[in-house]
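Worksheet for the structure shown next.
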């Protein structure tokens with residue numbers, strides 16, 4: 001099976017995002033909708049992507065009091081999304097409330113073609129954050145140490161996985177087991193610019209380190225032929241790992 005990369009739709013409006021989606025194949029990739037696009041285009045954009053057959057990762061990083069986050073998770077499930085996330089820094093009670101809100105939904109509550117509840121993952125440390133950045137917020141640990149602490153908390157709250165840098169993936173995989181999803185942004189094919197993410201790896205490096213889901217944006221969305229760019233990355237994964245990953 002071809003590895004389904006999560007393509008980040010980092011667009012300022014709905015029209016170019018939908019135009020890009022129409023040049024991709026839902027059998028080959030999933031799509032990520034983040035804060036900018038969701039703020040500009042709203043829930044209707046998510047519904048339109050789901051209607052096109054795409055599994056959508058709603059990347060809004062909910063972080064609020066437990067009741068508010070639980071309500072937001074239920075609303076996201078109603079859009080038919082495949083996966084959503086919260087900030088692990090919101091703490092145990094917030095993550096428990098988010099998980100319980102999704103577990104309380106009957107099968108099919110999200111959408112007619114989405115019988116299972118959305119996956120719920122937690123954000124650990126943003127990939128743009130360095131040790132110095134963390135220190136300025138009062139966190140004395142290194143990014144890797146803080147990632148491990150927050151990932152262990154998310155695991156204890158029975159979430160499905162975490163967002164993390166691929167550089168932390170091997171340690172998290174060893175500590176948290178084979179069934180915990182590791183969703184890794186900061187992925188750039190060999191030769192691509194790192195842009196605004198500091199802790200980056202290539203797709204093959206990230207998968208070898210233990211990542212389960214790769215988030216890739218500009219190398220695909222900025223390509224003249226996005227589907228060909230996606231296929232090239234997937235072919236490189238298969239060639240280097242010896243199988244379709």
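Even glycines carry a Cβ here, placed using N, Cα and C.
Its Cβ placed at the centre, residue 61 (active site, proton donor) has 18 other Cβ atoms within 10 Å. Positions annotated as active site, proton donor by Swiss-Prot: 61.
Around residue 60 (substrate binding site), a 10 Å sphere centred on its CB holds 17 further CB atoms from the protein chains shown. For the recorded site, residue 60 (substrate binding site), the DSSP three-state label reads strand. According to Swiss-Prot, the feature substrate binding site maps to 10, 32, 59-68, 127, 188, 197, 217-218, an assignment based on sequence analysis.
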**Asked** Around residue 66 (substrate binding site), which residues of its chain at least 6 apart sit with Cβ under 8 Å of its Cβ?
**Response** 93, 94, 96, 97, 98
**Request:** Have a look at the binding-site residues (63, 217) and report the one with the fewest Cβ neighbours inside 10 Å.
**Result:** 63
**Prompt:** Between residue 10 (substrate binding site) and residue 61 (active site, proton donor), what C-alpha distance do you get in Å?
**Reply:** 15
